[in-house]
Amino acid sequence: MAAHSEQIKNNFLNNPYAQQVFNIANGQVSALDAELNKYPILRQLEQQTKVPKAYGVIALGFSSVLLIFFNMFGLAQPISNLIGWALPAYLSILAIESPQTNDDKQWLTYWVVFGSLNLVESMGLRAVLYWVPMYFVFKTLFTIWLMLPATRGAEILYFHFLRPMVGNVKSRSQSSFGTSDPLAKETGFNPAGTTAPSSFAHEKTL
């Protein structure tokens with residue numbers, strides 16, 4: 001019986017289709033490991049735990065998917081919020097400390113959208129779950145799309161949705177109140193479309 005099982009195992013492993021699947025999987029894991037290697041905190045965790053970064057993230061991701069999908073122990077909401085907060089918070093801090101301004105739109109837009117989702121939850125989570133039972137699954141996938149450097153969904157959302165919408169608001173404010181805005185003197189923001197210099201912007205350009 002043991003010999004028969006071993007033969008089946010060998011036949012499966014030697015199957016060209018199985019080998020192709022293994023090669024694709026190994027390639028994806030290697031690509032994920034290379035991407036995760038960009039983050040010092042993950043490299044430190046790998047050294048401390050002796051668990052490869054890619055396998056740790058895959059295991060954590062799979063566990064999170066199960067907990068969110070089946071809402072085990074009522075953890076769907078906190079885990080979804082943790083996923084949507086932890087990495088973006090870390091990357092936002094890096095963006096603040098960076099002298100470049102390339103990531104500002106990405107993370108400012110992300111926090112606006114993430115905050116809006118949580119505002120909707122706070123006002124009527126039961127109604128949301130009644131109409132969309134898989135809400136936390138969709139929310140988690142959406143926030144992952146927003147945050148990942150490979151997709152930069154928040155930046156896409158800014159240029160294709162938020163920016164045109166704000167442009168319409170600006171044009172209406174110009175036609176109704178003119179271009180002068182006393183608030184711009186205090187905040188550095190002008191609804192007419194110009195932004196006054198601020199100390200924060202000056203620091204990031206130095």
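Every residue gets a Cβ built from N, Cα and C, even glycine.
The region 'Disordered' feature in Swiss-Prot is assigned to 177-206.
The topological domain 'Cytoplasmic' annotation in Swiss-Prot covers 1-52 (among others).
Per Swiss-Prot, topological domain 'Cytoplasmic' is recorded for 96-105 (among others), and the stated evidence type is similarity to another entry.
Residues annotated as topological domain 'Lumenal' in Swiss-Prot: 123-126. Here the topological domain 'Lumenal' (123-126) has Cβ contacts under 8 Å with residues 77 of the same chain, all six or more residues outside its ends.
According to Swiss-Prot, the topological domain 'Cytoplasmic' annotation covers 146-206 (among others), on the basis of similarity to another entry. On the 0 to 100 pLDDT scale, the model's mean across the topological domain 'Cytoplasmic' (146-206) is 66.
If you look up Swiss-Prot, you'll see 53-72 (among others) marked as transmembrane segment, on the strength of similarity to another entry. Under 8 Å from some Cβ of the transmembrane segment (53-72) lie the Cβ atoms of residues 29-30, 32-33, 36-37, 42-43, 45-46, 79-80, 83, 134, 136-137, 140, all in the same chain and six or more residues away from its ends.
Among the features that Swiss-Prot reports, transmembrane segment is placed at 75-95 (among others).
Under the heading transmembrane segment, Swiss-Prot lists 106-122 (among others), citing similarity to another entry as support. Listed by sequence, the residues of this chain that lie at least six past the ends of the transmembrane segment (106-122) yet keep a Cβ under 8 A from its Cβ atoms are 77, 81, 84-85, 88, 91-92, 95, 128, 139, 142-143, 146-147, 152, 154-155, 157-158, 162.
Remote same-chain partners of the transmembrane segment (127-145), defined as residues 6 or more beyond its termini with a Cβ less than 8 Å from a stretch Cβ, comprise 64, 68-69, 71, 76-77, 79-80, 83-84, 114, 117, 120-121, 151, 153. The transmembrane segment feature in Swiss-Prot is assigned to 127-145 (among others); the stated evidence is similarity to another entry.
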